[in-house]
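Over in Swiss-Prot, the protein carries these features:
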BINDING   15, 16, 17, 18, 19, 20, 144, 153, 154, 212  ATP binding site
BINDING   36, 41, 62, 63, 64, 103, 104, 105, 106, 110, 173, 184  AMP binding site
BINDING   147, 150, 163, 166  Zn(2+) binding site
REGION    35-64  region 'NMP'
REGION    143-176  region 'LID'
């Protein structure tokens, strides 16, 4: 029996570990990682027609319309859908078994557009909510360091003064202050709760305790997914460590 491609959407507050868990899931389950932020930056840097339209909004300090962001994400999802269909028709073997999306949707309007698409091509899709306390977010973000070259994220407990990959001196984000972080948490809650309520009503929401260590969070996510939908592939668990297991590391994004 053919296994339905796995499609996950990962959501959570700043510092909840979305980036780390997305990398772990993509690596260990052979999922394509789709980041809406990366799609936006790539479109602008490549000066595509859509990128030019996005840049015009950003240059004016305006919020991007739901339909514009959806158009960008939809292009990528359509590529994924076409690839999945091709595999079914021609029995081609590809490394990806599905995809994980982060950074989208941010509004109920976006969620409805996405749901209409996914119900047609990935009907068993799930939303992974990384639920984390305000105190833990504050603790993580005030102790994180970033590589200005590769954008790798490390925490103070790891003891690095330089990026182990680039050998560039690590820096702090200027907005990683308690006051700004608390404001970002409140903004996240106000913007995201309606989206979470929408997905909860569709019975697609899986809530995971993200206060736990990275390794435990990852294992809890796997436990919450139907085993028939994935196969673990032992690879390097994320970009900031070289282990060949799926125990993860202590960095958080």
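Heads up, residue numbers simply count up from 1 along the chain you see.
Positions of Cβ are set from backbone N, Cα and C atoms, glycine also.
Owing to the predicted nature of the structure, the values given are computational and were not obtained by experimental measurement.
Feature map: Swiss-Prot annotations on the structure.
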residue : record              : Cβ contacts under 8 Å, 6 or more apart
62      : AMP binding site    : none
64      : AMP binding site    : 40, 54, 57, 58
104     : AMP binding site    : 9, 36, 69, 73, 110, 114
147     : Zn(2+) binding site : 153, 154, 163, 165, 166, 168, 170, 171
173     : AMP binding site    : 144, 146
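Neighbour density at the Cβ, taken as the number of other Cβ atoms within 10 Å, is lowest among the binding-site residues 15, 17, 19 for 19.
A Cβ within 8 Å of the Cβ centre of 147, 150, 163, 166, the residues given for Zn(2+), is found for these other residues of the same chain: 148, 149, 151, 152, 164, 165, 167, 168, 170. Rounded to a whole number, the C-alpha distance linking residue 150 (Zn(2+) binding site) with residue 17 (ATP binding site) is 18 angstrom. According to DSSP, residue 154 (ATP binding site) sits within a strand segment.
Around the Cβ of residue 36 (AMP binding site), 19 further Cβ atoms fall within 10 Å across all displayed protein chains. Per-residue pLDDT, averaged along the region 'LID' (143-176), amounts to 88 for this model.
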